[in-house]
């Protein structure tokens, strides 16, 4: 309806971009559920994200910012629509992947704490300290052994593997969309102002976001890292995305 009355895609202000981001999170969840199995836990990540985004846009933004307006001539470009849509799709995908990494870190830390506490009161106390830590490390690695892990911990470790895998897939897709969005934005900027890159705050933060997730993918693909180290990088990316998306407009970062 907004698109019909305004004569352009509803991506012209912060409110409309929030709505698009919320719907993108829902669509990503639907696609993953339809194509995959054992993805019930994704709803615990995507559903709160979509609801909080929608709620902030509806209740947190003033009414004046929620009104649609006509675009100035410089913004009436197909390159701009492609740029904004790709950027918002990439934000939704990257945020979902980053949240999966944060969930991975939370669950992993709880498992490690449970193993350490159980080791203090188990047969490990009969062994020398160095051997204790070796056996503790073996408990973490050999998580399929029911002797080392209770069944509940095995299920948690299985969930962390799924979280790590889906985080990698989501961030890989989001990084590709972000790259397309930045390139299309550069083409639009050159078309409108005669310059591909001007180092304004929005462009700088977009480049920082791209760099953070490029580091994540580099550690996964070239270094072969898995688990906690790349998850920490992805968790940093979560806050960088929000800084790029909201910090420039609302906080003046």
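Including glycine, each Cβ sits where the backbone N, Cα and C put it.
These figures come from a predicted structure and were not determined experimentally.
Here TrEMBL gives transmembrane segment for one range in the set 41-61, 125-145: that range is 41-61. Beyond the ends of the transmembrane segment (231-248), by six or more residues, the same chain brings 91, 94-95, 97-102, 104-105, 108, 164, 167, 171, 201-202, 205-206, 208-209, 212-213, 215-216, 219 to within a C-beta distance below 8 angstroms of the stretch. Counting residues 6+ beyond its ends, the transmembrane segment (204-219) has Cβ neighbours under 8 Å at 87, 94, 171-172, 174-175, 178-179, 182, 185, 225, 229-230, 233-234, 236-237, 240-241, 243-244, 247-248, 253 in the same chain.
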